[in-house]
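According to TrEMBL, the feature region 'Disordered' maps to 19-73. The feature compositional bias 'Polar residues' is assigned by TrEMBL to 54-72. The annotation transmembrane segment is assigned in TrEMBL to 137-159, 212-231, 243-261, 288-307, 328-351, 388-414, 441-461, 481-498, 510-531, 537-559.
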Amino acid sequence: MNDRASDLTILTLPVSRQISSPCVSRAPPPPPFNPTPLMETEREADLLEEEPSQENGVIQSTQGLYSSTSPPVSDDEPFSTYFEEKVPIPEDVTQMFSFRKLWAFTGPGFLMSIAYLDPGNIESDLQSGAKAGFKLLWVLLGATIIGLLLQRLAARLGVVTGMHLAEVCNRQYPTVPRIILWLMVELAIIGSDMQEVIGCAIAFNLLSMGRIPLWGGVLITIIDTFVFLFLDKYGLRKLEAFFGFLITIMAVSFGYEYVMVRPDQGELLKGMFLPYCENCGSAQMEQAVGIVGAVIMPHNIYLHSALVKSRQIDRGNKKEVKEANKYYFIESTIALFISFLINVFVVAVFAEAFYDKTNIEVNAKCNESGSPHTDLFPLDNSTLQVDIYKGGVVLGCFFGPAALYIWAIGILAAGQSSTMTGTYSGQFVMEGFLNLRWSRFARVLLTRSIAIFPTLLVAIFQDVQHLTGMNDFLNVLQSMQLPFALIPILTFTSLTSIMDDFANGLMWKIGGGVVILVVCAINMYFVVVYVTSLNSVALYVLVALLCIAYLSFVCYLTWQCLIALGVSCLDVSCLGSRMSLRLTGHTDVYLLNDMDSNTMVER
């Protein structure tokens, strides 16, 4: 074997920054940067005595003892995905910053930012303005910044490893946690898809002045989604340009409303940069929690980690990897800044025009304008309650029919763009967790059917108030799934065995842990508030039972994350409990134990 060692390149796992533990010996110095690190196990000596098979220039471990964070190499894929083509990066070694390179990297961040502009976010924005005025803009700003930091982690994972989060989870977690994670993320995607269906159906209803019923709008969303999916046949850059066009439509539509209403700029800036909510009660606090839950979406973390794989990056070149991380972060910052401005447009419009308005005031104004939707607003002095449907109606009553139609166009653009990014999220998640590759059309048919069935029933047998009311439940559903994206992304980006020199530093570990703890706590509060409003003992009991299972799994993920962050005293391998989880001897790589035995690694 020693004679053959010089002919074969066997990659070994860098174990730099080894976590100290009383039962773990000091690791050897790390080798040079390696984009496809492998796992060391107790049986490494046994493996070196066996000759690995070599096939087509690829070394394959016959016993599956070496595990890799590289995706399996497949010579023939059943269909082409989003990565049918990869965008080349121009060479420009003379400049520290190049706009040509930034343009080449531009695309994934804007597709990711669409999740910050889906109908659920728009509804949260308008309710924030109507209930709290400008007072919660600082919450929106903070949530967007937190979202940017989390998206940075997702992008770095994809760039450094060449794998997206679902693929890494598939290779690192044991079977049962892996399946539970997949189910939870699928629930989040379906919940998001339902919100997008609702938004599109309402937009079609408003644009047709009620001629297209809500159930008709729901059915239309099935057809138009398949039509838009044909766009990727014209090339990756054209598809990204189309998403940019939809974002532009939203910016123009909601920007038009902003210019027409002319919000008080002083109050807007005060609400954005002064973290205080004067005279706010429980309704405003619940709305603040809702903003965080609407902005930070779990499946978006999985999506962004996959989209960054669409550029030609030599992961064996540390300089190129570092450069890619830099440009992706700049692009994500620009994209989320634009999405933040669009969200501010919506909040400011409803804060200026409808904050503290009563139903009787709106009813009178709608009567005066001749609106056919006057019956939506009862003749009482209760505070106006708005949603994406009523929001368009009141804009039409106060600012004319043009405001209503432009609002509906913006909602339609938000729904359509979010639908397509949700489709990609579902495809990446299914491929990553299950190694199951479906065409986009089959994927859309599955998720859209699941999303449309309950939505269609409500649209047929109930009214628009019940349809838009589903958004509250769907926001709660997605809030509950947040730990299943945030905890894994912090775990894996903190492991040097996966990220090598690009692993999170101490500040990122502490800051990321605090951010995730705060976000999860806020969203759990949102869930508790929603459940207590149901006023049903039977539901309380059911929720309590579900919470036990839910919290147990979250604790399991948190336990593994804490070990990855350096809390080595929690490693049960030190207590001799190695059989249940098959932990390795190194606390920073013990997650790397459930890999595909046929994983292939490039020389």
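Heads up, the Cβ atoms here are built off N, Cα and C, so glycines get one too.
Predicted, not measured: the structure shown is a model, and the values here were computed from it.
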Inset, instruction - Rank 212-231, 243-261, 288-307 by Cβ pairs under 8 Å to the transmembrane segment (510-531) and hand me the top one. - result: 288-307
Legend entry - Same-chain residue ranges lying at least 6 outside the transmembrane segment (328-351) that approach it to Cβ under 8 Å: 102, 105-110, 112-114, 116-117, 121-122, 125-130, 132-134, 136-137, 140-141, 144, 147-148, 151-152, 155, 159, 247, 250-251, 254-255, 257-258, 261, 263, 267-268, 271-272, 304, 308, 386, 391, 395
Inset, instruction - Compare 212-231, 243-261, 288-307, 388-414, 537-559 by their Cβ pairs under 8 Å to the transmembrane segment (481-498) and return the stretch that comes out on top. - result: 288-307
Inset, instruction - Verify whether three or more Cβ pairs under 8 angstroms connect the transmembrane segment (537-559) with the transmembrane segment (137-159), leaving out any pair fewer than 6 apart in sequence. - result: no
Legend entry - Stretch of maximal Cβ-Cβ contact with the transmembrane segment (388-414) [cut-off: under 8 Å; candidates 212-231, 243-261, 537-559]: 243-261
Inset, instruction - Go through the chain and flag residues at least 6 beyond the ends of the transmembrane segment (212-231) whose CB is under 8 A from any CB in it; none is fine as an answer. - result: 196-197, 200-205, 238-239, 242, 415-416, 419-420, 423, 440-441, 444, 448, 452, 455-456, 459-460, 464, 467
